[in-house]
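In what follows, a single structure is set out as structure tokens and then discussed.
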Amino acid sequence: MDPKDRKKIQFSVPAPPSQLDPRQVEMIRRRRPTPAMLFRLSEHSSPEEEASPHQRASGEGHHLKSKRPNPCAYTPPSLKAVQRIAESHLQSISNLNENQASEEEDELGELRELGYPREEDEEEEEDDEEEEEEEDSQAEVLKVIRQSAGQKTTCGQGLEGPWERPPPLDESERDGGSEDQVEDPALSEPGEEPQRPSPSEPGT
């Protein structure tokens, strides 16, 4: 089917009843709460506060509804209530600090009666122990340095005595050593004749 063939839907809206007077229509309109009025009423509405003249004119039924507190709505505390809460909190904190200070003093007094040293004496003893530990560590470092220096001086000495260079070889010894080196490969590989250079063929 083509869209042109579709029938137009006509809505029949009933006309308002003409029997009501215009004054009654205005009163009905005033009684109906608008969205703005509903928002104002739900915004921090407290039953103690007096209703505004606009709310009074809106009708008795609506006025009764506004007096009922909404359990789901959040009502922030007033400034006086916040000040009271803050004062009580500060007082509780100060009381706790005083109680802790008095308890610490009582514990210190009991410890002193039992013979425990004071905190100042304990701190002095700890400082003395730290100084002794530092002195011991410095002495150990000096010993290590001295030992390393002694090792450096003795590193040139052998097991029996100081290390010395061997005397230089004579020419004959050098020649003998070279001959030994030449003969070594023949001795090292027995059963194998040493390779000798093949004689060059005559006429080439």
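From the backbone N, Cα and C atoms, a Cβ is placed for every residue, glycine too.
Listed in Swiss-Prot:
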COMPBIAS  41-63  compositional bias 'Basic and acidic residues'
COMPBIAS  89-100  compositional bias 'Polar residues'
COMPBIAS  109-118  compositional bias 'Basic and acidic residues'
COMPBIAS  119-138  compositional bias 'Acidic residues'
COMPBIAS  170-183  compositional bias 'Acidic residues'
MOD_RES   MET1  N-acetylmethionine
MOD_RES   THR34  phosphothreonine
MOD_RES   SER45  phosphoserine
MOD_RES   SER46  phosphoserine
MOD_RES   THR75  phosphothreonine
MOD_RES   SER102  phosphoserine
MOD_RES   SER137  phosphoserine
MOD_RES   SER198  phosphoserine
REGION    1-204  region 'Disordered'
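Reported as a whole number, the C-alpha separation between THR75 (phosphothreonine) and THR34 (phosphothreonine) equals 23 Å. Around SER137 (phosphoserine), taking its Cβ as the centre, 10 other Cβ atoms fall within 10 Å, counting all chains.
With DSSP classes pooled into helix, strand and coil, the tally for the compositional bias 'Polar residues' (89-100) is 12 helix, 0 strand, 0 coil. Between SER137 (phosphoserine) and SER102 (phosphoserine), the C-alpha separation comes to 43 Å. A straight line from the CA of THR34 (phosphothreonine) to the CA of SER102 (phosphoserine) spans 63 Å.
In three-state terms derived from DSSP, SER102 (phosphoserine) belongs to a helical segment. Secondary structure at SER137 (phosphoserine), taken from DSSP and collapsed to helix, strand or coil, is helix. Around the Cβ of THR34 (phosphothreonine), the number of neighbouring Cβ atoms within 10 Å comes to 11. Residue environment of SER102 (phosphoserine) contains 10 other Cβ atoms, counted within 10 Å of its Cβ in all protein chains.
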